[in-house]
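Participant: Encoded as structure tokens, here's the structure I'll be asking about.
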Amino acid sequence: MTMSMTKPDRISAARRIAALRLPGRDARLGLLLIAPIVLVMGALVLLPLVLTAWDSLYRIDPMRAGTPFIGAANYINLASDPEVRAAAANTMWIVLLAVILETVGGVAFALLLQSMGPVRKWLLAAIILPWAMPSVVNSLIWSWMFNPSYGVLNAILHGLGLIPAGYVWSNDRTAALLIITIVHVWKMLPLTAVIMLAALQTIPMHLYEAAKIDGAGPIRTFFSITLPMTMGALAIAMTQSTVSAFNLFDEAWILGGASLDTRTLLIQVYMSAFQNLHMSYGMALSILVLIASLAVSLIYVARRRGETQGE
Amino acid sequence: MPKSRAIQPKKIFKGLFIAFVLIWSLGPIYWSINSSLMQPVDLLAQPPHAVPPAPTLAHYTGLLGLENAADNATGQSIWPQFRSATINSIVTAVAATLATIVLAALGGYAFARLHFPGRNIVFGLVVATLAVPGYTVIIPLYREMIALKLVDTYLGLTLIYVSAFLPLALWMMRSFFSGLPVVLEEAAAIDGAGRMRILFRIVLPLALPGLIAAGIITFLSVWQQFGIPLVFSPTAATKPLTVMIPELASRHDINYGLLNAAGILAIIPPFIVVFFLNRFLVQGLTAGTGK
């Protein structure tokens, strides 16, 4: 259509393209389009975030009169609170175990998927399914399978002679934390597998062919080609594993409730604020959890920003 | 005797691994379906039945109000509770998904194509909140919602969900828009189309796969929420399935058949997404991970 343009046509076309880049018009439309986003995010995330940090320096407790400024007292008390320490230790164990299992399992699942033919799509769907399910439902399904009297996994493990009859997992802290971690890994491992599968698919085939010609075995090939080529994706997968395990709430709440044996940091925040009504004490703890979580995600965000810089 | 017929150990290993992956991923779901179809008395068998000896749909018909099945603990029909929880889950998930998608599409286009002051700072701030766990702001958010009288309302929940899941959707949409060739938009501008016309007639149709991917990720995220409604949905007015179902288990007399049936009904939407919208889901999950 541009072929038959007359001269004035061409001029007005150039003008219209220029209009696409008119700074004034763009600016007004751009600000209009993002206004609702700024409003929602500002009111519901940024403002509460600032309030959390601010209020954590006061004593806000509906059970006590006044809201005096107490400086870092909440933070100092947190450091010596045995409940907080127990919750922090529980969270650390869950994070450690979950990241190891999700990374090793996720990479193994991704390698398997990569080696599959046309049925890959269906196997992938089966693998993703637990990720898509509500963690509450997952927790209830697993707790039924680990039911001391009627659970199928208890029956199998008892049959193998690994546990006594009627074994109650929640009676032992290690066992209870292990079950919570397994339920969490069941849900989150698929994400690592999907991220790693996407990365595996970007490795050029000729690298593998060259390795084969050079006589490299599968293990050697994995460590000198597959792993180095997927390092970035692996870092992202591990970061998201860490952050999601760090912020674990649902599984521990359904399986262990308020029990100190399995209480995670976020359950501790929930308990202080909504059960014991020590509002600002809970806020101080959530600020600490945020800082720890941010420290971990920093690698992740830095990487993502690095990728978009080129645009 | 034809050679090369021998089964290689490598193939056996792979077969075993596939079997393990399938049992690990689908086994618990199978077991839940199995339990949901059993008579209460069969659930207590030792060892457990691998298939229901006398299958029954009683738990499902009870939950869905087709039969007068009662909650063991209270003796009342479970249907009204289950119905309102299902409606609440659907309403909040659909409303939050639509709102998120609209804001992410418009905003994503603005961040990708339009130049305005503060563009990078605003985008950076919004995306940075991806690293903020929702629970960090839950206490002041609760007080804010009380002040606005939005606790236990669809509007309040929807707003919270949008603020939680918009950053990822926005990120995805901006990436999609940035990946589209500008030439098309310039050609439309030559034909005299304005910005909004270009957005709705040319850009959005091309970005449809991205829009669907962002939509289903948002929908699944809202559908599975537990912590937020635990705080913000204290009554049946907005209480979703994820909060209502565990309440069935906290009674002294737990009916595991009923519990499993409720869980299976709650995973129907994720199941549909995984098996019918798989392509978009994988695209959404890997968006922005440096694929």
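Each residue, glycine too, has its Cβ placed from N, Cα and C.
Pasting the feature list from TrEMBL:
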- B:12-33: transmembrane segment (TRANSMEM)
- B:86-277: domain 'ABC transmembrane type-1' (DOMAIN)
- B:87-109: transmembrane segment (TRANSMEM)
- B:121-142: transmembrane segment (TRANSMEM)
- B:154-177: transmembrane segment (TRANSMEM)
- B:198-223: transmembrane segment (TRANSMEM)
- B:254-277: transmembrane segment (TRANSMEM)
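Can you tell me where each of these features sits in this structure?
Facilitator: Residues 260, 263-264, 267 of the same chain lie 6+ residues outside the transmembrane segment (B:12-33) yet bring a C-beta within less than 8 angstroms of a C-beta in it.
Sequence-distant contacts of the transmembrane segment (B:87-109) (same chain, at least 6 residues past either end, Cβ-Cβ under 8 Å): 154, 157-158, 161-162, 165-166, 169-170, 172-174, 176-177, 199, 203-204, 207, 211, 214-215, 218-219, 222-223, 233, 237-242, 266, 269.
Nonlocal intrachain contacts for the transmembrane segment (B:121-142), taken as residues 6+ away from its ends with a CB within less than 8 angstroms of a stretch CB, comprise 111, 151, 160, 164, 166-168, 170-171, 174, 227-228, 231-232.
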Participant: Where else in the chain does the transmembrane segment (B:254-277) make close Cβ contacts, counting only residues six or more beyond its ends and a cut-off under 8 Å?
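Facilitator: Sequence-remote neighbours of the transmembrane segment (B:254-277) are 29, 32-33, 35-40, 43, 58-60, 62-64, 69, 71-72, 78, 82, 86, 89, 93, 212, 216, 219-220, 223-224, 241-242, 245, 248.
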Participant: Sort out the residues at least 6 away from either end of the transmembrane segment (B:198-223), same chain, that have Cβ-Cβ distances under 8 Å to it, and list them.
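Facilitator: For the transmembrane segment (B:198-223), the far contacts come to 89, 92-94, 96-97, 100-101, 104-106, 109, 161, 164-165, 168-169, 172-173, 175-177, 180, 184-185, 188-189, 242, 269-270, 273, 277, 280-281, 283-285, 287.
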